[in-house]
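Listed features, source Swiss-Prot:
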SIGNAL    1-22  signal peptide
MOTIF     75-78  motif 'Ice-binding site motif (T-A/G-X-T/N) 1'
SITE      T110  site 'Ice-binding'
MOTIF     154-157  motif 'Ice-binding site motif (T-A/G-X-T/N) 2'
SITE      S192  site 'Ice-binding'
CARBOHYD  N194  N-linked glycosylation site
MOTIF     196-199  motif 'Ice-binding site motif (T-A/G-X-T/N) 3'
SITE      T265  site 'Ice-binding'
MOTIF     265-268  motif 'Ice-binding site motif (T-A/G-X-T/N) 4'
SITE      A280  site 'Ice-binding'
Amino acid sequence: MFSTTLINTFSLGLLAVVSVVAAPGGISVGPISIGPGGISLGPGGISIGPGGINLGPGGGPGAINAGPAAVNLGTAGNYAILAKSGISTVPESIISGNIGVSPISTTAFTGFSETLDSTGKFATSQQVVGELFAASFAAPTPTTLTTAVSDMQTAFNDATGRVTPDFTNLGGGELGGLVLTPGLYKWTGAVSVNSTGVTIAGTPLDHFIFQIPATLGFAAASRVTLVGGIPASNIVWAATSVVTAGAGSHIEGVVLAKTAVTLETGATMNGRILAQTFVALQSATVIG
């Protein structure tokens, strides 16, 4: 147990006054305190405690945020699948979350056997644990979808417009067998994941952005595996061409696609598909 003691040290020149306090809660040296909770440097600064390292008020306890700043999906993040020209399914697919199409009508849903709600604002389907929205539904659905599509396009432009990548043309575009760490990744051509799969390693605070100016393909039976606690929502695949997930493959993350996305038979995804053209599911699963 510390006794309460105050020591003041005065010096001239560039050095300021330093106060050392030994008290029951620990030791305090000016803005620095050492106590049962760890080490803290000033309000909102650096703290080292039982949970790990917190760098500044935005970092949160437990880790240092690594990688680029998050991509803000806006209201597009309210959808497991959002597309501008249609969403199709070869039954039975399973979708957990809302799906939406805009600026087109409900005819853009294919294979869902949807039932319009009595309000006229949304529809339901046995293949969707959530609601289906189309631009032809009753207000406020059209306006809500217009905003969501705009937010989707803004998110795509943000993700593809980031500069100063941490990694350029990694693996020559083949990610199979690699373990990826947080950062901004940029390629000048197509990207693929072979059947070996790829591992993405990071904490719950880390972020990944993959800039792909061509096609993105996941081979049949390939897997994206997450380790370290990073959530799928912190991973963005931004592709300017077609995205294809082969039969039995598994994807983690948010797919921001300039064109179409296809999930082949038995493919699964934990994340969101936000496509500026079409999404096709072939007895696939999307958990949004």
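Heads up, the Cβ atoms here are built off N, Cα and C, so glycines get one too.
On a predicted model such as this, the values are computed, not experimentally measured, just so you know.
Same-chain residues lying 6+ beyond the ends of the motif 'Ice-binding site motif (T-A/G-X-T/N) 3' (196-199) with a Cβ under 8 Å from its Cβ atoms: 175-180, 222-227. The C-beta environment of T110 (site 'Ice-binding'), restricted to residues of the same chain at least 6 apart in sequence and closer than 8 Å, consists of G86, I87, S88, T89. A 10 Å cutoff on Cβ-Cβ distances gives T265 (site 'Ice-binding') a total of 14 other Cβ atoms nearby, all chains included. Nearest Cα neighbour of A280 (site 'Ice-binding') among the listed recorded positions (S192, N194, T265): T265.
DSSP assigns T110 (site 'Ice-binding') to a strand segment in the three-state reduction. Looking just at the motif 'Ice-binding site motif (T-A/G-X-T/N) 1' (75-78), the mean pLDDT is 99. S192 (site 'Ice-binding') and T265 (site 'Ice-binding') have their C-alpha atoms 18 Å apart, to the nearest angstrom. Counting other CB atoms no more than 10 Å from each candidate's CB, the recorded positions S192, N194 peak at S192. Residue counts for the motif 'Ice-binding site motif (T-A/G-X-T/N) 4' (265-268) under DSSP (helix as H, G, I; strand as E, B; rest coil) come to 0 helix, 1 strand, 3 coil. In the three-state DSSP assignment, the secondary structure recorded for N194 (N-linked glycosylation site) is coil. For A280 (site 'Ice-binding'), other Cβ atoms within 10 Å of its Cβ number 21.
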